[in-house]
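Enquirer: Sharing a structure with you now.
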Amino acid sequence: KGGSEPHDEL
Amino acid sequence: MNIFRLAGDMTHLFSVLVLLLKIHTIKSCAGISLKTQELYAIVFATRYLDIFTNHISPYNTIMKLIFLGSSFSIVWYMRYHKIVRRSYDKDQDTFRHYILILPCLILALLINEKFTFKEVMWTFSLYLEAVAILPQLVLLQRTRNIDNLTGQYVFLLGAYRALYIVNWIYRYFTEDHFVHWITWVCGLVQTLLCADFFYYYFQSWKNNMKLQLPA
């Protein structure tokens, strides 16, 4: 998929 | 989750623990900027709006709760605890919040990944986190005499974002996942703001001397 969503970091 | 991300999270966690240790056991918050702590409370409150709707893993949820709980309790201690608040360097900690909050909010409204409430708030939290250390750095500069725990706190806090950058590079090459350029820029700014502090931190460590920032 790529991209930064959903945000899985803190 | 890779080793760099885990190391970054642990560094972040330790920075909070060091600060809580100082406040809880020594009952002192000398050298700690309440302005920076309040900014972090805002950062976590606006970033983790998705805490109950966007489930990633138990690890993520627990860490979010820890960062939210610790940041608000540190602010509470510094403002209201009858012993701790006496050690707060109020007259030295004069950085004004809104000088940082307002531009970050405007920037988040203008430059974001998606114009939705949650995304704008998430972007705002990134912008604010990048500069939230500034009141603390100003206070360190003024206080001059920095105790060990305060020095370690700022060091760990700076190291955490540097490790996250390594994590993003690692993820870029090993996973399909890449973080948005906004995140990159904010992470870089945040780390670079600490670069000067890192330099003096390592100097004092190398020479086995007390950490002091130049006037």
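Every residue, even glycine, has its Cβ placed from backbone N, Cα and C.
All annotation found in TrEMBL is predicted automatically rather than curated by experts.
Take a look at what TrEMBL says about it:
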- B:1-31: signal peptide (SIGNAL)
- B:56-77: transmembrane segment (TRANSMEM)
- B:98-115: transmembrane segment (TRANSMEM)
- B:121-140: transmembrane segment (TRANSMEM)
- B:152-170: transmembrane segment (TRANSMEM)
- B:182-202: transmembrane segment (TRANSMEM)
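What's the neighbourhood like for these features in this structure?
Expert: Non-local neighbours of the signal peptide (B:1-31) in the same chain are 59, 63, 66-67, 70-71, 73-74, 77-78, 81, 83-85, 87-89, 139-140, 143, 146-147, 149-150, 152-153, 156-157, 159-164, 166-167, 170-171, 174; each lies 6+ residues outside the stretch with a CB under 8 Å from one of its CB atoms.
For the transmembrane segment (B:56-77), the residues of the chain that approach it from at least six positions outside its boundaries are 1, 9, 12-13, 16, 19-20, 23-24, 29, 34, 37-38, 40-41, 43-45, 48, 84-85, judged by C-beta separation under 8 angstroms.
When Cβ-Cβ distances below 8 Å are used as the criterion, the transmembrane segment (B:182-202) is approached by residues 111-113, 123, 126-127, 129-131, 133-134, 137, 140, 151, 154-155, 157-158, 161-162, 164-165, 168, 211-214 of the same chain, each at least six residues removed from its ends.
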